[in-house]
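Database features (TrEMBL):
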DOMAIN    11-129  domain 'MTTase N-terminal'
BINDING   C20, C56, C85  [4Fe-4S] cluster 1 binding site
DOMAIN    146-387  domain 'Radical SAM core'
BINDING   C160, C164, C167  [4Fe-4S] cluster 2 binding site
DOMAIN    390-462  domain 'TRAM'
Amino acid sequence: MSEIIAAASAPKIGFVSLGCPKALTDSELILTQLRAEGYETSKTFAGADLVIVNTCGFIDDAVKESLDTIGEALAENGKVIVTGCLGAKAGASSADAGSLVREMHPSVLAVTGPHATQEVMDAVHLHVPKPHDPFVDLVPAQGIKLTPKHYAYLKISEGCNHRCSFCIIPSMRGDLDSRLIGEVLGEAQRLFESGVKELLVISQDTSAYGVDIKYRTGFWDGKPVKTKLFDLVASLGEMAKKHGAWVRLHYVYPYPHVDEIIPMMAEGLVLPYLDVPFQHAHPEVLKRMKRPASGERNLERILRWREICPEIVIRSTFIAGFPGETEEQFESLLDFLREAQIDRAGCFAYSPVGGATANDLDGALPEEVREERRARFMAVAEAVSTEKLKRRIGATLQVLVDSAPAMGRKGGIGRSYADAPEIDGVVRLLPPEKASKTLKVGEFTKARVVSTDGHDLIAQPI
Ligand code: SF4
């Protein structure tokens, strides 16, 4: 009972819908999305640019019919994406979802389970790029970006499951809502293809990615991938490598599983840069703040990260003068800053936010104390940071150029792996010594560090 759903002209997708009404609604969702994006459907396998087979895996006959249809589509067209219930089944050789289809038809382009419109669309985009009509489409393929063309933010989830006492984000944005991995990786791919050289992974709590959907398995490039931080970082790292681009991770809480991504930083898959919002170091204050991972031994963890990946740069934000913070607790925060050698630290003097539960805590400190602690914190943070920057003098760094008037003849501004845009320092590039050397926005240059200036490095392009 297969039917090829058809229409006319380019690019054309052949679509076979098999199985029950639930599968049919999945087919409708995919076809609607295809149509919305300007794809057309083909009456025949041979006349299509790609074929999607939505399969059924309920009874043996249905499995046979699905496998036969995939075989037919492969023989007549060659480019086939499989979705639906059969796509979720494991075969004899592996416990992985999708392995049954792959065992029978190894040349299919991608296999997804049911209810996977986005993953199917991601696979379609990869093999038959979305038609783009500049007269009709107001939105470019990679979406509208407010950042310069060469870097972009990739939001992997919305909301947060924590209830830090000073924060009202969960009451505004709700609980954690992770985007499926296939959707996130599809967006990353489009961004890299549009020329993005630095991808900044953001969320409220990057370490918790996927926890709300039980790390659901998605599909990317025909392979099952978990909606989980480790899999996300590994996949983004591989993708970035192909495009000669950077991946930078923000808002990573120091849970034990974060340790698993440090070797990927040491290998160079993603930038050895971690933005970890510690907010404080004293366990009592962290407890009153109700911080995630408040029981972790953060100092030991950081020291171990530095053993595995000595070049790692850690950025963090802190709060000074939280209600009930004693002088001794504040001093222990300063000790932490020195011992952990936090490369880039920002600090806010605590100030109550309407609706936050911290407002009800005892021990509110006068504004002068909060401000005075913030100033002392920043003095220590700057001493640590400046000292660390000085150690870079003489080193050669890869720098991504953000600004280079006149092809960089008068120098330019860029950033190294240690500098996230907007929040960290920059690398001030001197005019190149060789007349043939130019600097271009969005391209990398190597530069030798000659001196420092506050949070910035001064470097000679080479
Ligand atoms: S501060 Fe706490 S509650 Fe607020 S978004 Fe971050 S982790 Fe969630």
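Glycine residues also receive a Cβ, built from the backbone N, Cα and C atoms like all the rest.
TrEMBL annotations: computationally assigned, not manually curated.
Shown on the structure are the features that TrEMBL records.
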residue : record                          : Cβ neighbours (10 Å)
C20     : [4Fe-4S] cluster 1 binding site : 13
C56     : [4Fe-4S] cluster 1 binding site : 23
C85     : [4Fe-4S] cluster 1 binding site : 22
C160    : [4Fe-4S] cluster 2 binding site : 21
C164    : [4Fe-4S] cluster 2 binding site : 21
C167    : [4Fe-4S] cluster 2 binding site : 21
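DSSP places the residues of the domain 'MTTase N-terminal' (11-129) in helix, strand and coil in these numbers: 54 helix, 22 strand, 43 coil. Look at C167 ([4Fe-4S] cluster 2 binding site): DSSP puts it in coil. In the predicted structure, the domain 'Radical SAM core' (146-387) carries a mean pLDDT of 93. Proximity of the binding-site residues C20, C56, C85, C160 to ligand 1, judged by a Cβ distance under 6 angstroms to any of its atoms, singles out C160 in sequence order. According to DSSP, C160 ([4Fe-4S] cluster 2 binding site) is assigned to coil rather than to any helix or strand.
The CA atom of C160 ([4Fe-4S] cluster 2 binding site) is located 37 Å away from the CA atom of C56 ([4Fe-4S] cluster 1 binding site). With DSSP classes pooled into helix, strand and coil, the tally for the domain 'TRAM' (390-462) is 5 helix, 31 strand, 37 coil. Same-chain residues with CB within 8 A of the center of the C160, C164, C167 CB atoms, the [4Fe-4S] cluster 2 site residues themselves not counted, are H162, R163, F166, I168, I169, P170, Q204. Of all the binding-site residues in the list C20, C56, C85, the shortest Cα-Cα distance to C164 ([4Fe-4S] cluster 2 binding site) is found for C85.
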